[in-house]
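First the structure, in the form of structure tokens, and then the observations on it.
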Amino acid sequence: MKDVIVIKIGGVAAQKLSDKFIKQMQEWIAAGKKIVVVHGGGLVINQLMKERQLPTRKVKGLRVTAKSDLPIIEQALLGQVGRTLTQELNDSDIESLQLVSHLGKTVLADFIDKDLYGYVGQVTAIQTAYLEQLLDADMVPVLASLGENAAGELLNINADYLAAAVASSLQAEKLILMTDIEGVLEDKKVLPQLLTSQISKKIQTGVIKGGMIPKIESAVQTVLSGVGQVLIGDNLLTGTLIAEG
């Protein structure tokens, strides 16, 4: 869909939207842009796990998720982060709707590797009908990084991968992956642009590592799927632009 911008919010930004963020969204909406928000909630999940004295473990930047962790993750993402984000947007006259009952019908997923990651999913399909219905009504859909498999089991999904899948399925004009750092850093400086052909070497040399790996991988997939622009940064306008080449 032309004029669609998909924004993934993570890190500190997922806990409190800045005035600058709100203003930019308002400007885009006034200019006729349609926006989808996808969010994670790692900080809140970590806090809830810590309170329950449960371990947090990551493999290749992805959170290992036991079945018993799912109620905690669901509480963090749907009950806290998503609800707060939606409320903040609505309070700023940005009409928004948090997907709860429709989420599992919209985000279809399957296990990545149950033995290695547990209840962590990869997106198999995005059913866009309900999202398009909301966008046509000038509403902002707010999606937590969760999905369901064919058996109706809840799966934890990396928010960067989910945002990429949503952007690709809607053929958005832009995907923005917001994080706590200014962009992809090399020698403590932000790289203004990264070509898809440079990515594997940057991972091999350790320039791209940890939680930045799924961001970059999802950015590359999105660019190659036909989405015009993918930006990684700590705001909506500047950072590292991922381009095909």
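Backbone N, Cα and C atoms are what each Cβ position is placed from, and that goes for glycine too.
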Study note, to complete from the structure: Among Asn156, Asn235, Swiss-Prot assigns to the substrate site of Gly41, Gly42, Arg63 just Asn156
Study note, to complete from the structure: Here the 10 Å Cβ neighbour count for Gly42 (substrate binding site) comes out at 21
Exercise for review: Could you tell me which three-state DSSP class Gly42 (substrate binding site) falls into?
Suggested key: helix
Practice item. Provide the number of Cβ atoms within 10 Å of the Cβ of Gly41 (substrate binding site), excluding the reference atom itself. Key: 28
Review point. Expressed to the nearest Å, what is the distance separating Gly41 (substrate binding site) and Lys8 (site 'Transition state stabilizer') at their Cα atoms?
Key: 11
Review point. According to DSSP, which kind of secondary structure is Lys215 (site 'Transition state stabilizer') found in, if we only use helix, strand and coil?
Key: helix
